[in-house]
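First up is the structure itself, then whatever we jot down about it.
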């Protein structure tokens, strides 16, 4: 299958080079077209330049609330992440952000292709395109799920999202290395944790599960708890608990959930459905804060819930747990989860009331019936479907 075709090292390097060239062209053209300078990378880059001048990166007069974006942004990047950007400081505006995004995307392509080609549709998603438009860290963080030596950089860039990756794919040795890197950064600026925490307190972007009190379907993410023993389940539930910007690019990590090419394409298609819905009904021109706020329900509905559907249908334990939950709910008739009462969640069953499922779950069932077991950093694991009959014992 194309989902499991492994590439050798030369092919992976060639793929990485192709992605680097394409990602640079995409990011540079979008940054130039929108006039975003280095976009979200502007403040940490200026912080790195301030460090080289011996100044406080959190006390930069170029950044103020009344300035045009991105010079009104707060500096949320910890000091280790700023130090990692020092090699890019000589580059002129637009080139620094595009170069960083291109190199991060090349690392992501090299990492994902180690297990095959089934996750490459992530490069066609709206999450990836928007990340390119604002020169985000998301590809680098996603690559750290497969390349553990990137873990310190992931924590140095976005500790909130790196925490979800650490919960999904725990690597104690690299967590210790990350702690050592943070401790070493105190030698550069002993007071930086206090300055960083002061900035983080101004961060008003809710986690998806907290936003569920505004958009109730987000509460369905709690169903991921029944798959908490699997990396994908832990990733989804911890991502639902950590603060993040619900504007597509932070959710690039959800492409660690699909196991096959079709599942990746399916999630990619939903990402464009979410983007189109937001752009048509939620986009507010010339108001960055308003149109980011309006994207939240679209991100939860069209990225988190389809990813949840994949996680549930990939896990046998979730089928048993949902069956028990369905029985319990059938006596109470809760309208928010009425679909659980009418669904026949039999593992491996091809029939059933498919029309009664929500669209993401209905599509996910078809895509995951024949999915193989997978864990980032390891080879594919073949597993017999639970619905298949057991092999009869041989007669004497």
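Even glycines carry a Cβ here, placed using N, Cα and C.
Per TrEMBL, region 'Disordered' is recorded for 370-396. If you look up TrEMBL, you'll see 12-33, 94-113, 120-140, 146-167, 174-197, 209-228, 235-257, 263-284, 296-313 marked as transmembrane segment.
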| message | How about the transmembrane segment (174-197) with the transmembrane segment (146-167) - do they touch, taking at least 3 C-beta pairs under 8 Å (6 or more apart in sequence) as contact? | response | yes
| message | Within this structure, do the transmembrane segment (94-113) and the transmembrane segment (235-257) have 3 or more Cβ pairs under 8 angstroms, counting pairs 6 or more apart in sequence? | response | no
| So, does the transmembrane segment (209-228) come close enough to the transmembrane segment (263-284) to give 3+ Cβ pairs below 8 Å, pairs being at least 6 apart in sequence? | no
| task | For the transmembrane segment (120-140), could you work out the same-chain residues 6 or more beyond its ends whose Cβ comes under 8 Å from its Cβ atoms? | result | 19, 22-23, 26-27, 30-31, 34, 36, 38-41, 81, 97-98, 100-101, 104-105, 107-109, 112-113, 150, 153-154, 157-158, 247-255, 261, 264-265, 267-268, 271-272, 274-275, 303
